[in-house]
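Report on one structure; see the data block that follows.
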Amino acid sequence: IDKQQHSKDSVFFRDGVRRVDFVLSYVDDKDGERKQERRKIYEANLEKVGLELETEDKSESEDGKTSFVKIHAPWEVLATYADVLKIKVPFKVNDIPDNKDIPMNWLSTPFRLPGHIMHPEPDYFTAPFNKSKSDFFLIDNQETFFPPSTRNRIVFYILSRCSYFKDECTDKDKKGIKRLLNNGTYTAAFPLHDSRYWTRSRDPNCESERYYLYKYWARFFCFFKEQPLDLVSRKYYGEKIGIYFAWLGFYTEMLLFAAIVGTICFIYGFLTYDDNQWSKEICSEAIGGNIVMCPLCDKKCGYWKLSSTCNSSWQSHLFDNVATVFFAIFMGIWVTLFLEFWKRRQARLEYEWDLVDFEEEQQQLQLRPEYETKCSKRKLNRITQEMEPYLPITSKCARLCLSGATVLFWISLIIACIIGVIAYRLAVFAAFASIMKDSPTTHLKVVGPLITPQLATSVTASCINFVIIMILNLMYEKVAIWITDMEIPKTHLEYDNKLTMKMFLFQFVNYYSSCFYVAFFKGKFVGYPGDYAYMFSKWSKLRNEECDPGGCLIELTTQLVIVMTGKQVWGNIQEALVPWLMNWWGSRKARRHPESLYSRWEQDHDLQGFGQLGLFYEYLEMVIQFGFITLFVASFPLAPLLALFNNVIEVRVDAWKLTTQFRRPVASKAHSIGAWQEILNGMAILSVVTNAFIVAFTSDMIPRLVYMYAYQPDGEMNMKGYINNSLSVFNISQIPEANSPEDEVNPVWFNSSITTCRYRDYRYPSGHEKQYAHTMQFWHILAAKLAFIIIMEHVVFLVKFFVAWMIPDVPSDVRARVKRERYLVQEYLHNYEVEKLKDQLGQNTNACTCEPTIYPSLAKHEVLSECL
């Protein structure tokens with residue numbers, strides 16, 4: 001077929017019959033002779049393997065520079081490698097009735113997709129393909145038996161292991177398409193999308209699945225619809241991408257329940273606004289207006305009245321109330337339910353997508369091409385009984401030590417940056433206090449009282465911290481990949497797990513360290529007037545920060561909102577806008593060309609490459625978000641609601657960019673979310689501890705309860721007098737000169753008649769025999785805090801383990817289906833062998849006059865396998 005007659009949607013060779021399973025592109029340059037020689041040898045070796053190639057010369061491409069090599073895998077190659085890779089294929093239609101009678105099923109009708117989109121194929125029983133028994137399987141058409149996702153996976157497997165050296169060459173390192181892409185021999189290697197995303201293919205032989213994915217999945221207005229996971233995973237992108245979208249969708253569904261409860265807790269705090277007795281006392285001119293507080297920093301901070309913190313006290317009550325304790329306990333149970341129900345969902349997907357026992361067969365026994373080329377020594381594999389390359393133990397230990405030292409260095413760098421931000425907070429607080437004392441903003445009616453030195457310091461420090469986080473992320477990504485490559489992991493699974501742990505460990509410290517500082521360190525090691533604690537000792541003159549009189553919880557909330565929201569907004573812009581702009585700029589010339597000159601492979605070539613780590617960053621983004629809504633959720637009950645809104649957008653943004661802005665990724669299998677599962681489990685356990693400590697030490701909940709039950713002077717169950725009780729008294733004359741404020745920074749109302757100031761602590765006053773030592777109430781509160789932590793942790797962990805025990809990881813119907821399939825595989829294979837044996841014996845009777853006595857009528861074999 002002439003090129004001019006080709007539709008721009010064609011995914012076939014020029015004969016219109018053979019499907020293009022993979023495309024390689026290259027551009028001739030100044031080093032063209034060496035690269036041309038490599039390509040010639042490589043393509044010749046591909047043809048030796050059995051692949052069929054067709055070249056599109058650069059003179060026929062839209063830019064006049066890029067040549068394309070189209071690759072087709074014939075049936076013989078597909079069958080051979082499907083046998084090698086143990087790809088499961090159908091041998092019998094599933095005969096187990098689907099009894100999914102959901103009560104009130106009609107309510108879910110608006111959220112459903114058409115049946116041919118949700119389940120594009122019938123449900124089959126499957127078994128690993130065996131080329132010698134090909135007639136055992138349901139093969140109607142050899143050209144369509146293997147879906148395009150399986151075809152491109154097989155071709156990529158061949159490309160990754162095919163060499164580009166001559167037989168007589170001894171350099172065995174010259175192997176695989178990845179090395180050819182790295183050295184510039186080829187510019188790109190990718191499978192083709194089957195159509196344009198906004199319209200169906202004009203070729204009736206093309207499936208147009210990309211169009212259906214865009215129409216029913218990738219558009220934002222489909223946000224309330226279910227995801228066509230079978231079409232995403234099994235037919236188009238492969239199970240590894242499918243399992244990510246299944247997890248993200250399930251996580252978003254579960255967030256709905258957490259968001260509802262969190263919103264109710266926030267509303268409770270809002271509705272009990274007027275019952276906030278301690279805030280009323282702070283705002284009262286008779287109480288808070290007469291309490292003079294000690295300076296918050298040396299020299300540049302003056303004395304101030306407690307009533308100036310009226311607004312922050314009211315704001316703090318929105319998040320720091322009785323509902324906070326309930327929500328912290330609820331989230332500890334929610335995260336357990338989420339992980340347990342996900343295991344059940346994952347087990348169902350494993351069965352439906354033929355991934356049962358996949359890890360052992362596919363990922364643990366298949367070596368990475370890089371491992372094969374870099375490891376020259378060989379030893380016997382006890383499982384396969386074949387000689388395979390291995391890395392000597394001395395080399396492995398040396399590489400691991402270097403890798404560990406590099407990771408520790410970078411984590412230390414992050415901690416150093418966090419300490420720098422803390423030093424910034426300490427240094428600029430005094431400056432803000434001095435500048436803002438007479439600032440015009442203090443006279444504004446609405447926002448004036450809100451703009452305080454504490455708020456200015458907190459917001460600017462959070463923004464600086466966010467910028468540092470983004471910069472360090474960009475730097476560490478390359479370092480993590482480099483040190484993981486240096487370790488030379490044996491399998492793809494091992495590589496992914498090693499990289500996952502390194503990146504998460506770094507991101508954990510990077511994103512959460514500032515929140516940990518505010519929650520557990522700020523305001524805890526302050527000292528008291530006359531004996532303040534300093535960062536780096538007194539010579540630094542950086543006095544440790546005190547909590548806002550409204551408590552440190554509101555500042556933790558501020559930090560959490562800025563980092564979490566900033567990360568999500570920046571992530572969505574980076575994910576959606578950047579690829580769109582790059583594609584728009586790259587295809588600006590092609591848009592002026594007629595359709596006949598802009599072929600399917602040229603359109604895909606102008607898209608962005610998804611990359612080996614494309615999915616990794618998607619998981620990382622969501623797991624970091626999961627940490628924000630679990631580790632520190634006691635300080636901000638609306639965090640799950642923000643995460644829910646983000647994830648509803650995230651699902652469609654990820655689907656949109658994958659369908660419209662990126663080349664089609666090579667399909668690959670994954671039976672689970674991998675190492676992320678263990679990371680989520682670890683964060684779930686840690687979240688119980690962090691939330692218990694936040695309620696106990698960051699919130700003022702425990703001191704209030706101790707006061708109400710044990711120290712209320714009238715014996716009533718109310719909070720009257722709490723503010724006066726929670727502030728200690730210090731004699732101004734005993735404040736050292738180095739801590740005393742300068743005369744010009746003191747307010748006009750301050751005079752010599754004021755002899756004492758107050759500060760947040762439980763200490764004996766001046767003149768007492770134990771002056772400035774902690775009172776008994778301090779120790780009672782400390783004991784109550786520790787008791788609360790122990791009780792809350794034990795209650796939540798007890799419920800967690802009970803829930804985990806009650807919910808089986810694999811649903812009973814899935815377990816029955818797996819057993820049924822294993823039984824049928826053995827039974828059908830046995831019957832198949834018996835029939836073949838009968839046929840052979842029948843053929844032998846033509847040459848033999850005697851009746852065969854061997855197996856004259858073999859009864860149906862009853863399979864009693866271990867799986868039953």
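Here the Cβ of each residue, glycine as well, is placed from N, Cα and C on the backbone.
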Residues flagged as transmembrane segment in TrEMBL, choosing from 499-518, 679-698: 679-698
The transmembrane segment (244-271) in contact with the transmembrane segment (623-645), cutoff 8 A, at least 3 CB pairs, sep 6+: yes
Chain residues in Cβ proximity to the transmembrane segment (455-476) (below 8 Å; excluding those fewer than six residues from its ends, i.e. six or more beyond): 312, 410, 413-414, 417-418, 421, 424-425, 428-429, 432, 436, 503, 506-507, 510-511, 514, 555, 558-559, 562-563, 566-567, 570
Taken over the domain 'Anoctamin dimerisation' (12-229), the model's mean pLDDT: 85
